Amino acid sequence: MMCYYRLFVLLALSSFVVESRHLKGNSYELSNFHRSGTNATIEPKIWAVLVAGSSGFENYRHQADICHAYQILKNGGLEDENIVVFMYDDIAFDVENSRPGVIINKPDGDNVYKGVPKDYTGEDVNVDNLLAAILGNKTGVRGGSGKVVESGPNDHIFIYYADHGGAGILGMPSGVDLTAKDLMNTLKKKHAAKSYKSMVIYVEACESGSIFEGLLPKNMNIYAITAANANESSWGTYCPGEFPSPPSDLDTCLGDLFSISWMEDSDIHDLRKETLAQQYQLVRRRTAVDDMVGASHVMQYGNKTIAKQFVFNYMGVNPKNDYYSPSSDDDSSLTTTPSIVSQHDATLLHFWHKFRNAPEGSPKKTEAHKQLMDELSLRKHIDESVNQIISVVFGQEKVPEMLNTVQSAGNPLVHDWDCFKMLVNSFKKQCGSTSRYEMKYSRAFANMCNAGVHINHATQAITQACSTNSPPP
């Protein structure tokens with residue numbers, strides 16, 4: 001009898017140990033772990049997809065954001081095999097980077113580039129590879145590491161995107177941009193395949209609410225947070241000439257306001273005790289939407305009941321934060337809103353400070369002046385091209401309507417997504433730039449499609465306008 005009693009105690013203690021385990025490696029608490037005969041329940045995992053959709057030193061902040069996110073997940077216990085990273089990887093060793101091999105995401109920040117997997121870089125950062133990776137389609141990716149999200153029905157997925165955006169689109173550095181409809185179709189396929197339990201998506205981009213507005217169903221177990229609503233800019237921060245500013249040797253924005261807000265929160269909090277809803281509220285407050293002119297509205301979409309879950313279910317938890325106290329000095333920084341710059345103007349700011357800081361009479365001064373003038377010329381070219389396109393297709397009197405019409409809340413941006421995709425991709429090919437200034441006009445193309453534009457007529461107008469308005473050489 002004593003042997004049976006000891007066996008009972010041993011089993012009880014073993015059960016307690018299993019049920020009290022937290023994240024280890026890439027698997028969660030095992031409170032629901034059980035055995036049925038010889039078959040064991042598969043341990044759930046966290047999978048993550050991190051996407052920087054830009055290239056160029058003027059867009060430093062987007063890759064810095066993604067690298068920082070990687071460090072949070074890695075410190076949280078995720079294995080590299082479960083983190084898929086998309087980044088052009090051209091800034092760490094750019095000639096403009098005075099700190100070769102170093103990327104920082106805040107003025108006094110650590111090197112967030114260290115150890116980041118180079119899954120998809122350069123031309124491999126494209127829409128086809130991204131969507132295939134989300135679906136877990138190994139045969140659908142071309143180039144890169146071949147890593148994809150091979151998730152199962154018990155797994156949780158975290159997707160974070162940072163870049164320029166426009167109404168209905170997210171920028172990509174290679175090939176076409178990602179439309180809201182193509183992303184939504186991919187998420188629906190992922191849901192139909194029953195290859196995840198729940199998913200959380202954070203999107204840093206201008207007009208990012210338009211990616212989900214009227215499109216993301218509540219029954220797919222997906223919860224999305226965006227840096228802005230469907231009609232407004234998101235914001236760069238830690239920018240030159242602003243407060244706090246980057247080190248004097250870096251004439252570029254180091255981060256984005258929405259992104260640094262959730263990440264700096266995650267850096268110090270015990271994420272086993274903070275819900276997604278609490279993080280959303282903290283980020284919303286830090287963007288100071290009620291206090292700053294021009295600030296953006298951080299938005300929620302999809303199944304908002306997921307927001308009751310703890311953040312660590314999607315990002316893991318850093319053991320160093322086990323003793324986090326809300327009264328700590330670090331916490332006070334999360335209530336301070338740094339100066340901000342519109343995503344559309346961050347590139348211009350970079351070229352201006354690069355020109356201003358270059359030595360007088362030097363080749364650097366000449367080069368910086370040319371870059372600044374080229375960017376201003378390009379913007380003028382894009383503005384005039386859009387005006388001409390609308391005038392040719394609809395008449396000059398329709399220009400204000402096509403530029404300014406906004407869909408009412410709850411409705412998707414456009415009815416004919418194929419028309420929209422054709423026009424925005426044609427415009428990017430004909431008039432695009434690394435600054436992605438042209439993305440601010442994607443709403444105009446949506447309005448043209450909603451007005452029943454003839455696609456061939458519109459694409460011909462795009463080609464003509466972009467080739468005749470004297471873009472910079």
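In case you wondered, yes, glycine gets a Cβ from its N, Cα and C as well.
Pulled from TrEMBL, these are the features on record:
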type	residues	note
ACT_SITE	His164	active site
ACT_SITE	Cys206	active site, nucleophile
DOMAIN	370-466	domain 'Legumain prodomain'
SIGNAL	1-20	signal peptide
At the level of the C-alpha atoms, what whole-angstrom distance separates the residue listed as 'active site' and the residue listed as 'active site, nucleophile'?
6
In all the protein chains shown, the tally of other Cβ atoms within 10 Å of the Cβ of Cys206 (active site, nucleophile) is 29
His164 (active site) has its Cβ surrounded, within 10 angstroms, by a count of other Cβ atoms equal to 28
What does the DSSP secondary structure composition of the domain 'Legumain prodomain' (370-466) look like, as residue counts for helix, strand and coil?
75 helix, 0 strand, 22 coil
